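Undergrad: Encoded as structure tokens, here's the structure I'll be asking about.
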Amino acid sequence: MNRRRSIIPGFGISMGITITILSIVVLIPLCSLVVFSAKLSFSEFVYTVTRPRVLSGYFVSISTAFIASIVNVIMGLILAWILVRYDFKGKRFIDGIIELPFALPTAVAGISLTHLTTTNGWVGQIFYNLFGIQIAYTRIGITVALIFIGIPFVVRSVQPVLEKIDIQYEEAAFILGADAKTTFRKVIFPEILPAIISGFTLAFARSIGEYGSVVFIAGNTPYETEIAPLLIMSELQEYDYSAATSIALVMLGISVVILSVNAIVQARVSKRVNGLA
Amino acid sequence: MGYVELHDINKHFKKFHASKDINISIEKGKLVALLGPSGSGKTTILRMIAGLEQPDSGEILIDGKVVNNTPGSERGIGFVFQNYALFRYMTVYDNIAFGLRVKKIPEEEIRDRVRELLELINCEGLEKRFPSQLSGGQRQRVAFARALAPNPQILLLDEPFAAIDAKVRLELRTWLREMITKLNITSIFVTHDQDEAIEVADEIIVTNLGKVEQSGTPQELYKNPATPFVAQFIGHSVEVRNYEKFKHFNKQGENSIAYLRPEFVSIFKKGESVQFANSAEEAIVEDTIFRGSNIEIRVRIHGNLISAIRSINEPEIRVGELVDVFIYRLYVVDGENVVLATNDSITDEDVVI
């Protein structure tokens, strides 16, 4: 076979390094999860991960993450649209600040959000006095923290795709007589839909596992505002490693499912655009 | 009265003056090319006719009506974009049907119209494909069908052949010309390729630096260039400053210069030509370039490197050979005037241009 020279030398070495790094950061921790959980028998495992308190933990985590990700899709789309399509003062500043949730230690975010949204906080007292809504120490509070955590995923997924959309598509639709609504729905939306889905799934997967920013604002009342990652933490504090890893394994399974759904959707969509269907 | 008219159109992009006092009149049913180098404002003119840009001043008339304030979608035009702008997430069928669906035409009528158009563009059976599954030529034809679907009176095409490889481009040129003649639709296309404009268009509008230099049939542009720009732009012109040194040409103005095209020059091997033997220049061949269908020969006369085309069926001429060069005519540019100067030794009745 006629091998072409690549700029990165040695397929063998590069592949070796790739596998090593993947093993260290991904495979070994994941395997240890399975190994620790395997100390339990299957029925013990099922019992551990289906205790009512644990089930309610999954439910709290998934439902708040889902709502937060939906909100993020809408807000992130608007943000990305404004950053791409308009020029205004302070655009670069806003563009830069989008990544703040990535950079800020999640605990700091959690504490400051809690502080703001308690019934005495700046924002919290407005909502409490006007609408009688409590934010901090409720599921609403958890959702708020998850919105904060997830917003960059959506913006950074949609923004580059939106930038690449040729203005000619809109002009073509305009000359053919389509109004703004139809143009967005039929021409622009299909273009950005894959990015929206990928932004949503990334934000969703991240939110389900979010711990640092949520524990402060959640209040951690069992069956009410206790998230699944917190249950793992409390099992660990009781030195029940196998219970902790069992719950973690379920969380891992959920993440894998979410990311697989995303991968399948992306593959379907790119088939159309790249002509492999 | 033209079908499409532009009166004193001016357009600025910030400080850049893209269109300067444009006056154009295009007759119904004509196929017109806007030809010019890049940045000459030809696309801006097209986009203003389409309503994608608004002129700063002046009037655009279609069928006698001022359309400056009519949105592009109500001007009765179809537009084929340079990269076709086919909607990637729609099938060929949905792309062509798009302009009909937004007009709320019943689905059965749409089906008939799309079928009719697919037949017209020879793309039957491709309706379920996505644009990514089409060849460049097919994409262009689908874009053409999509623009035609709502039955426009005017078809505008922005560099319609730019994105297609050379061989298919030639086929498509002929195809497009036939198609437009068959449909008898007033068409305007933008191009920077003069061969394309000359071959396809009934009429050419030459633009340069935001102005219209000249408009006319391809023959007129060749025969009577109105401005110095057209004289040097059309054809593969060579600038000659000391043309009065050539045999049988006289100086026509103090600072005049001349443009000489390969088709105005014949090169003969020694003794080959009897007719022009005495009026020809002697020159040494500097270079020969094989072009497949012909051979370009470059000779130096009075310090000017002049090109001529020779058929591959004629006896071969080699580099360094002494040859006879006969110049039929050249364009003399004196200030803003262009004059066709003919070799005094011939009468021009026996030459096409």
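Placement of Cβ uses the backbone N, Cα and C atoms for every residue, glycine included.
Annotations per TrEMBL:
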- A:12-38: transmembrane segment (TRANSMEM)
- A:58-84: transmembrane segment (TRANSMEM)
- A:58-260: domain 'ABC transmembrane type-1' (DOMAIN)
- A:96-116: transmembrane segment (TRANSMEM)
- A:136-155: transmembrane segment (TRANSMEM)
- A:187-205: transmembrane segment (TRANSMEM)
- A:241-265: transmembrane segment (TRANSMEM)
Undergrad: Is the transmembrane segment (A:96-116) in contact with the transmembrane segment (A:12-38), using at least 3 Cβ pairs under 8 Å (sequence separation of 6 or more) as the test?
TA: no
Undergrad: Same chain, outside the transmembrane segment (A:241-265) by at least 6, Cβ under 8 Å from its Cβ: which residues?
TA: 30, 32-34, 36-37, 39-40, 45, 48-49, 54, 57-58, 62, 194, 197-198, 201-202, 204-205, 208-209, 228-229, 231-233, 235
Undergrad: Could you pull out which residues elsewhere in the chain have a CB under 8 Å from any CB of the transmembrane segment (A:136-155), counting only those six or more residues past its ends?
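TA: Contacts of the transmembrane segment (A:136-155) (Cβ under 8 Å, skipping residues fewer than 6 from its ends): 60, 63-65, 67-69, 71-73, 75-77, 79-80, 83, 98-102, 106, 109-110, 113-114, 117-119, 121, 124, 196, 199-200, 202-204, 206-207, 210, 213-214, 217-219, 221, 224-225, 227.
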